[in-house]
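**Q** First the structure, then my questions, so here it is.
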Amino acid sequence: MSHPSGLRSSVSSTSYRRTFGPPPSLSPGAFSYSSSSRFSSSRLLGSASPGSSVRLGSFRGPRAGTGALLRLPSERLDFSMAEALNQEFLATRSNEKQELQELNDRFANFIEKVRFLEQQNAALRGELNQARGQEPARADQLCQQELRELRRELELLGRERDRVQVERDGLAEDLAALKQRLEEETRKREDAEHNLVLFRKDVDDATLSRLELERKIESLMDEIEFLKKLHEEELRDLQLSVESQQVQHVEVEATVKPELTAALRDIRAQYESIAAKNLQEAEEWYKSKYADLSDAANRNHEALRQAKQEMNESRRQIQSLTCEVDGLRGTNEALLRQLRELEEQFALEAGGYQAGAARLEEELRQLKEEMARHLREYQELLNVKMALDIEIATYRKLLEGEESRISVPVHSFASLSIKTTVPEVEPPQETHSRKMVLIRTIETRDGEQVVTESQKEQHSELDKSPQSY
């Protein structure tokens, strides 16, 4: 058997059975040796076939040329030398028999050990084939199935993430539009507030102008009243002076009375026309100023009312936009929180899937290590079996050498005992043996060992001729 390195080596194993016959009574038995690689001992080892048998209890000498049995004569012989040689030979044979029995026991133990190792080898080979054919495929199938599930879940999570990102982008655009609208409304509000401040300033200026005009009107009215009073006093003074002059100058008055009266009437009419004209001009100026101020006040009041309405409307719009922005901000925060939760969940699931993949890889590595260990054990068993086969072959050669060495004194002892014989012819006996040979071939193909077994039946015929002493 050669080392498994790609060359084909065959190992033939057969079963052996020990048979022990009765102890020899007269003389040591003979050993029959077959021409094949198997050997059989007439006293120690029997053939594997049930048809083979061994006869014990008679000493057989060398086979005669004609196959006839030679018998000793009935006369008395001198067996003193033969008895001494026989005793010495018996002692030697007993020692050799004991050694052969020990060798036979060891050989039987080796055979049992080889059978046990073959059974273990077959079991390990079955486990190895099962592990090689099923476990890696099943582990690979489980890994591929889990990887497909992980890829499908990753795709689902990726689509969900894309959808959430699209929603987030849409909400971000809506939020940006609302922020821009809010900025525009805030700018409009600021413009309205600025216009309101300007309008308030104009109203204040108009109010101050109105108050100033009212004060001017009051001063003019006071001046008119003062002028009226002054005119009346002048008229009274003039009348008093005229009356005094009338008392003093009665005659003069009598002569100039019509001219003075006419002059007084003219002066009165002139002053009255001047006063009426001044009063009318003051009233018209006051009315025009009052109308202008009233129109300005009305215009300012209307502008103020419109500004207040616009401010209220802007305030309502700002409040509604603020509420809408707050709602959108809350929605955005909820979506961001949901996105973070999805990312965390995705990270956890990805970590779990990576841990599962690592666990499966570790199991696959352990299975590969176990397969390698089984292969090493199988190789060690093959090495042990090869060593046992070598040892068995060595013991076989030793037994064959001992058998050939022991057969020499038997022939010499038989030649000493034979003198004159009367030949009696007996038919030769043939022993048929059938042996089942198990041929196991171990080949190495692409780094893998392939073991094939076959059984072969061998037939052998052993001619046995009776011998006598």
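Note: Cβ is positioned from N, Cα and C throughout, glycine not excepted.
The compositional bias 'Low complexity' annotation in Swiss-Prot covers 1-18, 27-53. Marked as domain 'IF rod' by Swiss-Prot on the basis of sequence analysis: 96-406. The 3'-nitrotyrosine feature in Swiss-Prot is assigned to Tyr16, Tyr378. If you look up Swiss-Prot, you'll see Ser27, Ser49, Ser58 marked as phosphoserine. The phosphotyrosine annotation in Swiss-Prot covers Tyr469. The region 'Disordered' annotation in Swiss-Prot covers 1-60, 447-469. The region 'Head' annotation in Swiss-Prot covers 1-98. Summarising the annotation, Swiss-Prot assigns region 'Coil 1A' to 99-131. Among the features that Swiss-Prot reports, region 'Linker 1' is placed at 132-142. Here Swiss-Prot flags 143-238 as region 'Coil 1B'. Residues or ranges marked as region 'Linker 2' by Swiss-Prot: 239-261. The annotation region 'Coil 2' is assigned in Swiss-Prot to 262-404. According to Swiss-Prot, the region 'Tail' annotation covers 405-469.
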**Q** Determine how many residues of the region 'Coil 2' (262-404) DSSP places in helix, in strand and in coil.
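**A** Secondary-structure composition of the region 'Coil 2' (262-404): 143 helix, 0 strand, 0 coil.
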**Q** Per-residue pLDDT averaged over the domain 'IF rod' (96-406) comes to what?
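**A** Averaged over the domain 'IF rod' (96-406), the predicted model reaches a pLDDT of 81.
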**Q** For Tyr378 (3'-nitrotyrosine), list the number of other Cβ atoms lying within 10 Å of its Cβ atom.
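**A** I get 19 for this one.
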